[in-house]
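Per TrEMBL, these features apply:
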type     : residues  : note
DISULFID : C141-C154 : disulfide bond
DOMAIN   : 77-272    : domain 'Polycystin'
DOMAIN   : 273-497   : domain 'Polycystin cation channel PKD1/PKD2'
TRANSMEM : 32-51     : transmembrane segment
TRANSMEM : 277-297   : transmembrane segment
TRANSMEM : 318-346   : transmembrane segment
TRANSMEM : 366-387   : transmembrane segment
TRANSMEM : 407-429   : transmembrane segment
TRANSMEM : 469-490   : transmembrane segment
Amino acid sequence: MAEASRWHRGGASKHKLHYRKEVEITTTLQELLLYFIFLINLCILTFGMVNPHMYYLNKVMSSLFLDTSVPGEERTNFKSIRSITDFWKFMEGPLLEGLYWDSWYNNQQLYNLKNSSRIYYENILLGVPRVRQLKVRNNTCKVYSSFQSLMSECYGKYTSANEDLSNFGLQINTEWRYSTSNTNSPWHWGFLGVYRNGGYIFTLSKSKSETKNKFIDLRLNSWITRGTRVIFIDFSLYNANVNLFCIIRLVAEFPATGGILTSWQFYSVKLLRYVSYYDYFIASCEITFCIFLFVFTTQEVKKIKEFKSAYFKSIWNWLELLLLLLCFVAVSFNTYCNVQIFLLLGELLESTEQYSDFYFLACWHIYYNNIIAITIFFAWIKIFKFISFNKTMSQLSSTLSRCIKDIVGFAIMFFIIFFAYAQLGFLIFGSQVDDFSTFQNSIFAQFRIVLGDFNFAGIQQANPILGPIYFITFIFFVFFVLLNMFLAIINDTYSEVKADYSIGRRPDFELGKMIKQSYKNVLEKFRLKKARKDEDKKTKGSGDLAEQARREGFDENEIQKAEQMKKWKERLEKKYYSTEIQDDYQPVTQEEFRELFLYAVELEKELHYINLKLNEVMRKVSAL
């Protein structure tokens, strides 16, 4: 009775385990299908925001304003500006010619300009360009006493505390008077500092000749002084053919050491979001995205309530929370951008005689693009959650989880040596080699050395003795020793994991087999009648074999034992030797062990009986 109870409990637990596995398979497949639809929707949404025309518009504008040379000086363009003289040549030459397109290439006016320039005949100049300067006060640095007789003025680097807010020069127009900022545009992060809004500002005229006279007047009256630290040139374009705005900012920074450093920003953005039918399709994808976000948030809240603190022990749950957070941030940015465009765009387009500050809208649009790009990156990473049930992915995750402690310990040692070399390179070559000009540049330069991209000639020229020593020792210790140790740790751990998997330590189920099993279950439902007919044929065939055995004189007990052995063999082979699940590792219940034991006993009896028959045959043969 007790033994029957144990058998009953073993069968019930086995059935319960099988049922839980079926539920887990169904749930996982449903989650995978739902997430796959969400990922497709997110991809359509993100790729719908960009198009190749953005790149081509930026390229043609950068070629016009950055690569066009000063007439008579082929090597002087905006990128190569190094002095104040070069700067004024650019302002009165390539910039002026690039901004004002008064007529067609054959001097014919084919359309009504409406007092507005059309760059490359297709891009409308919105409003008028603006030039803005920021300065620092005198005596923002201290001259050493021995040199005070030679130099009494000292202009330090730009900071908000050192900024000059007083009027200067002619003091008659806005370009000579400091103006506070009336915009919410973010501060500009340049090479030499972070520059805030406001400054000494003037806007260009609709007339090309008036603008040129303005530049000449500013140059003759020394608008650029020793205290000048940065000049911004801002303007915006709109191309109706591709429905894109191009916001352009040219920056000239004047370091305290003298000279000029130039930089630029070209932002092609789609501020008019919903114009064509495809745009409305993207809008529907955005609504679908919000619905998915609500569903996923509800699911995660239920999981947190159900599992409580255990929920946060899984790395996949942390990834899920990060993805939801990024989705909410993306929705917030998108909503804010659309609201600001609705409030400001009409006002900006109406002010044709003033500077139209589209830079604020462009920056927020770029922020939204960056957030949605990061979001879709982690959305693709989450795919590993579903394919981790695969044998290969399970090996990878097991390898990383086992060797993480060794990698962290090794990484500490690696970065100690790496940062030591970075500081050594910065102190030795920082004043002469651009790659080591700052500590941050030194770190990235060493990563490039590891990848094979380095300037050995510059290092050797900066220091003929320490340069080669630094390079050779860095390559030896970091590249040949430390990186190979890193690979050895992962390789050894992977070998251990692979050995464990070879003896049966495998995931409970694999995604591919889950899908295959589900597919077969569906087929079995359609082929149920056929399976029953095959079973009837097998039963009939088994009965024919038993009848044949009786006719040949076999005992009834032997026939029954043979049929029982055949049934056991078919059932056990189907369960343990099937090609469909032979790679799965499953625990053996007490009932299954008893069946296997009885089967082994019967096999032993059969082998003993066969051995006796063979001995009897051998004796008869020997007697002959």
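Cβ atoms here come from the backbone N, Cα and C positions, even for glycine.
Note that the structure is predicted; figures quoted are calculated from it, not measured.
Cβ neighbour count for C154 (disulfide bond) (all protein chains, 10 Å cutoff from its Cβ): 18. If you take every residue in the domain 'Polycystin cation channel PKD1/PKD2' (273-497) and average the pLDDT, you get 87. Residues 271-273, 286, 289-290, 293, 296-297, 300, 312, 360-361, 364-365, 367-368, 371-372, 374-375, 378-379, 381-382, 385 of the same chain lie 6+ residues outside the transmembrane segment (318-346) yet bring a C-beta within less than 8 angstroms of a C-beta in it.
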